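Visitor: Feature table excerpt (Swiss-Prot):
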BINDING   His83, His182  heme b b562 binding site
BINDING   His97, His196  heme b b566 binding site
BINDING   His201  ubiquinone binding site
TRANSMEM  33-53  transmembrane segment
TRANSMEM  77-98  transmembrane segment
TRANSMEM  113-133  transmembrane segment
TRANSMEM  178-198  transmembrane segment
TRANSMEM  226-246  transmembrane segment
TRANSMEM  288-308  transmembrane segment
TRANSMEM  320-340  transmembrane segment
TRANSMEM  347-367  transmembrane segment
Amino acid sequence: MINIRKTHPLMKIVNNAFIDLPAPSNISSWWNFGSLLGICLILQILTGLFLAMHYTPDTTTAFSSVTHICRDVNYGWIIRYMHANGASMFFICLFMHVGRGLYYGSYTFLETWNIGVILLFATMATAFMGYVLPWGQMSFWGATVITNLLSAIPYIGTNLVEWIWGGFSVDKATLTRFFAFHFIFPFIIAALAMVHLLFLHETGSNNPTGIPSDTDKIPFHPYYTIKDILGAILLILILMLLVLFTPDLLGDPDNYTPANPLNTPPHIKPEWYFLFAYAILRSIPNKLGGVLALVLSILVLVIMPLLHTSKQRSMMFRPISQCMFWILVADLLTLTWIGGQPVEHPYIIIGQLASIMYFLIILVMMPVASIIENNLLKW
């Protein structure tokens, strides 16, 4: 009798995706982050669901309801901090996952890559809206500053911003709709992740060499299930260390002050995972220019397949491109640091140089490095 997991309509899908899936024999720990992102998403949905049971999306009670969750709800504090720090872990995994894709040329799977970019945008939107919900000072002013950027769009900008706000400023209507969107978006992300996986399984996984691995496949279970479990244990360990020892390490102290439209905090800045984009936004003195640079800093990922000039897929055997990649990583870390600094000398010029470098490395230096490597190998 044939195994039920191979015949049952539902179990067959799970089997083909997680059990009998043919996987390359040589994929490294950089391939763990896909499953870790899945774990992060499930964790965020579950903790978020329990938070939503006690949260009130109203300007007068939102801040108090979060305090109530932390003080009065059984284990509310751990749920709240797992959700807040879970977002940080989510973005760490996201950046690693995207970085892996760039390094090993995974962007040549066009559909998978493009859905991945959409997933990145959706996750960033969700995190932004979630940051507004506690209705602290940084929640309110972050929402005001970021939504206001849309007013830079010619002709329709002002109307668009007021439409999003549901009034003439960030107020009750804004908070309510942000809560509604923040609740629904993770489920949209989950659906998109399924499509992401569907397209990936059409081609099979890439591997560190970038060479087709059809001749050497192994079953996903037990080899990569056990490897993913190790990654998951490490993820949860780091998350719980954050939650239980330094829950506010990555947060902003200003968000423990209730939102006050009459008092602007001295330094308005987003959560750490948006600082690189925020630095790029601030480095351009023009409002529309800044917004365009902000969007393009992420949207540039879409054109990565067009910028691939190398005859090899992966960077594994391309030392010049490897140098470019790690300079890009250093540049992103510099931008992240600058995004959290006040707008004054020398931070302004460092931010502008780092922003120019970011686009220069991706659009010019990496493609040129690839051409040089092709010529060195006489290809």
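First residue shown is number 1, and so on along the chain.
Glycine too: its Cβ is placed from the backbone N, Cα and C atoms.
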Visitor: Please work out the number of neighbouring Cβ atoms within 10 Å of the Cβ of His201 (ubiquinone binding site), leaving out its own Cβ.
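Guide: Taking every protein chain into account, the count is 14.
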Visitor: I need the nearest neighbour of His201 (ubiquinone binding site) among the binding-site residues His83, His97, His182, using C-alpha distances.
Guide: His97
Visitor: Measure the Cβ-based neighbour count of His97 (heme b b566 binding site), defined as the other Cβ atoms within 10 Å of its Cβ.
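Guide: If we count other Cβ atoms within 10 Å of His97 (heme b b566 binding site), we arrive at 20.
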Visitor: Same chain only, sequence gap of 6 or more: which residues have a CB within under 8 Å of the CB of His83 (heme b b562 binding site)?
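Guide: Correct list: Gln44, Thr47, Gly48, Leu51.
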Visitor: Relative to the Cβ of His182 (heme b b562 binding site), which residues of the same chain, six or more apart in sequence, are found under 8 Å away?
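Guide: Sequence-distant Cβ neighbours: Gly48, Thr126, Met129, Gly130, Leu133.
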Visitor: At a Cβ cut-off of 8 Å, and with pairs 6 or more apart in sequence only, do we get at least 3 pairs between the transmembrane segment (113-133) and the transmembrane segment (288-308), yes or no?
Guide: yes
Visitor: Within 10 Å of the Cβ of His196 (heme b b566 binding site), how many other Cβ atoms can be counted across all chains shown?
Guide: 21
Visitor: Can you check what DSSP calls His196 (heme b b566 binding site), collapsed to helix, strand or coil?
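Guide: It is helical.
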